[in-house]
Amino acid sequence: MSTFIRGPICGTDNCPSRLWRIIDGRRTCQYGHVMEGDVEFNDDEDDLNGLGAGVITRRLNLTTNATGSFQSSQLTNSQLLQQQQRQSHKKFKKLIGHEAKLLFLKSFQFILKRQIRWLITEMRFPKEFEHVAKIIWLKILKTINDQPQEELKLQLHMTSTISILYLASTHLSLPVYTCDYIKWICTAKMPYFQASEILPKSWRIQLPNYYVSILEGSISPFNGQLYNKIALTCGMIHFKEFFNSEISCQGLLLKLVMQCALPPEFYFYTKQVIEFEETDIRNLTLWERTDERHTGRVSNHAELRVLSYFMLTINWMLSFDRDRQYPLKWILSLTESLTQRTTTSESIGRNIVKVVYPDKPTSSDYFQWSEEETLEFLKWMEKQFLPTQTKSLHNENGSMEMTIDQKIARRKLYKIFPLDREANHDGEFNDSTHQLTFIEDLQERYAKQTPFFESNKIRDSLNYQEANPPARKEAIGRLLTHIASQLLVDFAISKEQLKDCISRIKNACLHRMN
């Protein structure tokens, strides 16, 4: 029987003892309580030559962790993890059935509230936005509650949160569109990816793994998934019956014209084409869909119809102009400006969306980035993306479930490759270089177009000779291809979907002309 050794508090039945000794290989406090999981033996053979009898001894090894508490040196990491999991499962157990669905709805609402708070504080959305989003969410809950319990289907995903936010902004006629929400979630500014990490710890432990995976937002919406979800949400709550369903078409047109640095008159050209086909621009409203199995035609979505009108207007105006008002050199210069690599907030955001967007053909663009674009992407990866995938190194509140030993090991791991900006003296990540804003970049792009129109006025006073039609047609085709490639990424649709929508709108316009 060994002597007493001072150690951690026993705690069994509120036992205050700190004195421990070994009785029959088991660590026992002075009041007779046995410490669980702390029996260990040293089975190493002694020097048989030195011990004539060849006796094999078994010695008890006492080790302590970072806090000075006793622990077994022979317990593997998996055994320690199992002990911790058994202790945590005593407090929280996975919910099943109806209780699990209620907790999922509660968690979904918690994430939605965080997203709304971010939009109001960071993007300066009006305070009424929260009230409208709350009403839409309550209508969804009422629809779910009205279903029979035997056939209850939640039909909620992380894209459902974006749908609710988009519907609320549409009702308030805010100049915010799906491309904005896609950019915010892909750049990890708005809570979306790994959104389950912001839930309280007790909720995450009790929530079944199936629901946790839903709240993780594994990939960004693509191939028109967001538009289909918006249409389903509209049909679920009969959005048009209670809310304003007209999209801010003028704001979207202005956004497209400025993004492509087109002359301002293209805004009015496109608006006239829309009014010719739709009779009234206010007829562009959200589409409601109730059938989950059939997605319907992509041309039913109002925003995609505006994109199609915009592309058709550019094609028709430049094709019938015949080098009079918009010369061939200007078309070539505009195409070059769209492909030129500029380090602006918009270009960096589009590069990030291309990386996050699951589209294989865009992967070749990564090798064409400039050094500034690459550094900006790496900075975003460090500051925005990595914290959503793993708990931050300095965020101790987010890692309360980790033991002190695990925290110490994590710090040592991060010190192998320090990412601290202050430790880098080479100046490679220096932020002193000025980054052009969207307005400054737009002013430069418009300034470069001025000489082409001035020279065109001088040429009009002379004898006019029509430019080479095949060369002009090819240049227009390249311009439309570059504009379409940007729209595919910004609005998260496929090339086939955009082609189908443009074809249907074109046929409808030609049929109306006849």
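Backbone N, Cα and C define each Cβ position, glycine as well.
Remember, predicted model here, so these are calculated numbers, not experimental data.
Looking at 37-66, 367-396, 427-456, the range annotated in Swiss-Prot as region 'B-reader' turns out to be 37-66.
Per Swiss-Prot, the stretch carrying the note zinc finger among 3-36, 139-172, 309-342 is 3-36. The secondary structure of C29 (Zn(2+) binding site), as reduced to three states from DSSP, is extended strand. Taking the mean position of the Cβ atoms of C10, C15, C29, H33 as the Zn(2+) site, the remaining same-chain residues with a Cβ inside 8 Å of that point are I9, G11, T12, D13, S17, T28, Q30, Y31, G32, M35. Per-residue pLDDT, averaged over the region 'B-reader' (37-66), rounds to 53. Comparing Cβ neighbour counts within 10 Å across the binding-site residues C10, C15, C29, the minimum falls on C15.
According to its DSSP assignment, C10 (Zn(2+) binding site) is coil.
Residues near H33 (Zn(2+) binding site) in space but far in sequence (CB under 8 A, at least 6 apart, same chain), listed by position: C10, T12, D13, C15, S17.
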